[in-house]
Structure formats: C-alpha cells, structure tokens
Amino acid sequence: MQATKDTEAKAAETPSNESRMKKFYGPGGFAENISVNAVAQLVNPVFAIALGVDPVLVGWAMAIPRLLDAFTDPLMGSISDNWKGRFGRRRPFIAFGALFSGLCVAGIWWTPEAASTDFQFYWLLSALLVSTVGTTSFAVPYVALGMETASSKHERTAWMAWRSFFHKLSGVGVQWMYYLVTLSIFTGTLMGAKVVGAMVGLIIVVTGLLPALFIKEKDHPAQTVERVPLMKSWSLTLRDRNFLVLAIATVLIFSSILLVDTLGFFLMVYNVFGGDEAKMGFFKGIGGTTFHVVGILCIPLMAAFAKRIGKRRAFEFCTASIVVGGIVKLFVYVPNADWWVIVPNFFLAPGLVAVIVLAPSLMADVAAYDEEKNGTSRQGMYAASLAWVTKLALSLTSVGSGYVLKFSGWVHESGIDQAPGTFDKMRWVFSMGTIALAIAASLVLRLYNLEEKEENL
C-alpha cells in the first residue's frame, strides 16, 4: 500500500504531470481575482452613485471585512497546513470557497432599491462580511497549493505567472462591468448589477473548481508530523525579515495605484467626460482592457527578466515603471482628454504584474527556505499571510480613498459643479500619491536578502 502511494507521489512530481496540473491551476486565478475585484468595480457605481450612499461609508464597508481577515486568513492557513483528509490539505477548502464565493458575489446586489441609505450601507457591509468566508477559504489554500506543487524556484515563478495570466484575463472582463450594468437594456444600474453579478458568480464557481478537481497534491511530511499551533506558526512568520519586506512592499505597491483610484474614477466621470457616465464607462472599459492586455504581455517577459537578473531586481524595475505612470497621470486627466487617459496604463500594468507574479514567487522561496531551515511545512501560513497583506492593502486603500477624495476638496452633492481648483488639486494628489508610494516600495525591497541563499530552494 505504501509502495503504491510512493509511486503516485513520484508520478505527480514528473515534469509532464506538473505541466498538466499547472494548466488546471491557472484558471483558479480567474476566480480568485473576480471574487474580489468584481465587487470592488461596482460598489461605487451601484451604492455611491445609484443608491446615494456616502463614498466614505462605502469605503468603510469595503474595509471592515478586511479586519476580519486578520483572524480568518491565519486561521485558514493553519487549518489547511494541518488538515488530514482523503482529498488532501488544500482541495476541499478550495472547492468550498469557490462555491460560496460565487453565491456571495451574485447575492450582494439584491438589496431593496427603495430602502434608506443607512440600510444600503448595512446591507453592503453584512454581505461583504459573509463573502469573506468564501474568499478566504478559496484564496489561502489555492495560493499554498501552487507554492508547494511547483518543484523549484523557477517553476514557482512559472506557476505564479500562469495564475497571473488568468488574473489579467479576468481583469479585462472586470473593467467592462461598469459599462455592462449601465446598458439601456436594464431598468437601472442596480438591475444591471443583479444580472451581471449572477453571471460572474457562475464563472467563479466553474473556474474555482478546476484546481480542486484536477490537481493531485503531493504527499507531504506535514501530514504525518506533529501539528504546528496557530499562534506559533503566525509568530514565526511575523519574525521573518524577508516576509516583512515583501509584505510592506506589497502594501505600498497596491496603495500606489489603488489608494488614489477613486480619485481617478471621479476625475474621469466629472472632469474628463463632463458627467457623461456612459462615455466614461466605455473609456474605462477600454482603459482597463489596455491595462490587463499589457499586463498579460508583460507576464512572460517578467518571468524571463526575473530569471536573468533576479526576482527582486525585476520587482524594483516594475516600481520604476509605476513612477513613470504616476507622472503621466498628471497631464492626461484633463477635460476632453478621451483616449489619452489610457496612456498611464502602459506604465502601471507592470507594477501589478510584479505583485501578482513576483511577490508570491518570492514568498514561496521564503517558505521553502523556512522549511529547509526549521523542518516545518508552513506554505499555508505564508500564503495566508500574503493574502492578508493583500487584503490589508485593499482595506487601507478602500478607507483611505474616501478620505483622499474629501481631502482633495470633492463635494459629492456638487457633481460636475465643483469649486474652482478642485479638479486640479485632485489631479496632483492622484499623480503624486502614486509616485511617492512606488518610490517607497522600491526602497523597502532593497532590504530583501534571500536571493543569495536560494540557489537550492
């Protein structure tokens, strides 16, 4: 019996099998991305603009569930690391998370349209809190599965690049969601969100189940040795210098783009396109498509670049690209710019590719080094920590973006008729925020020191 298990384990590790499993791993990135970003794309158009909820409250509704993630992500990582079951450590949770996330994304938009804005806020907050269970159950073991199934440090980059390809592919569709929900075939934005949300939920279920059904997990010593307690595992992770460097850099990179993203949304609607939401929706779709297509094209280049000069240096190069994108923003978010608003995306796209491809690959190297040094398999905890850091970044940007909008002088009730100078101030904050945070991320990355130790990982 043991011989049979050993034979299966070895078969699972052959290059042909690894290549086949990698093909089924990638589509999970589709579900991972849209389960979070589909909601993020629509909350302001639906709840702030269509239903009249204060953008600051919308930001809090997006951020508060991330506080719950501070507990659920490490817990999920620990449970998955120590799980013993016939279907493996990761796959049962991936399957549950895909199903539950799909239902939640479809259900968020079924709020009574005539209800008060207070009710709408609490509905959104409650729905997002519940959906956290699904996204955590899927994302943490999904990333851990890729970390531990890849056979070498360069294969980890290849697996994360394939995951990133589907992230970006799904991102193209996500960018058109605002345009879709405002189509005239719907009676209103809310009805459009209900229909589009149901379709997105189905896509999450289908793509999320693929890695759960078709990837064979490795037999791992962690399934037979003593369990690593949650708090001990979490404490060891937080004391890891290179983990902290990657965590802080990830937060800064996300913030450099997303903290000021709400400013970009309102600048496009009211300054560039003069309040024409339909026109803005079209150009937002074009811009988002450009962003993700450029990202897709960058993925193989990024993987090759990282192999040639090292992952950390490739990461730093991407932060420099974000700085250039921030400079360009200042000059193109002006009235009647139309197609020019797409230009910054050519420079910003490589930055998020770095976060999606290189950060998880570097984190997998950190986990492999930790296992080699301490003899414990804690990919789940490292994946949970990376997921939590990503969600922390999204949380900070969700809350911060509303306050940044108010700091810039925006008055929600005034719409296109803002006070003189308001749109100019918004442009400067939009641009300088991106530049400053990207430079900070580059400086932090210089503290990462694992590359010289990782040749045999």
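Each position is counted from 1, following the chain as shown.
Using N, Cα and C of the backbone, Cβ positions are placed for all residues, glycine too.
Note that TrEMBL annotation is computational and uncurated.
Feature list (source: TrEMBL):
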type	residues	note
COMPBIAS	1-11	compositional bias 'Basic and acidic residues'
REGION	1-20	region 'Disordered'
TRANSMEM	93-110	transmembrane segment
TRANSMEM	122-145	transmembrane segment
TRANSMEM	165-189	transmembrane segment
TRANSMEM	195-215	transmembrane segment
TRANSMEM	243-270	transmembrane segment
TRANSMEM	282-302	transmembrane segment
TRANSMEM	314-334	transmembrane segment
TRANSMEM	346-369	transmembrane segment
TRANSMEM	381-405	transmembrane segment
TRANSMEM	428-448	transmembrane segment
Stretch contact, the transmembrane segment (428-448) with the transmembrane segment (165-189), Cβ-Cβ under 8 Å, 3+ pairs: no
Annotated stretches the transmembrane segment (314-334) and the transmembrane segment (243-270) touching (3 or more Cβ pairs under 8 Å): yes
The transmembrane segment (122-145) touching the transmembrane segment (243-270) per 3+ Cβ pairs under 8 Å rule: no
Contact between the transmembrane segment (381-405) and the transmembrane segment (165-189) (at least 3 Cβ pairs under 8 Å, separation 6+): no
Recorded stretch, among 93-110, 122-145, 165-189, 346-369, maximising Cβ pairs under 8 Å relative to the transmembrane segment (195-215): 93-110
Residue numbers, six or more beyond the limits of the transmembrane segment (165-189), whose CB comes under 8 Å of its CB atoms: 26-30, 32-34, 37-38, 41-42, 45-46, 49-50, 113, 195-196, 200, 207, 277-278, 281-282, 284-285, 287-289, 291-293, 295-296, 299, 353, 356
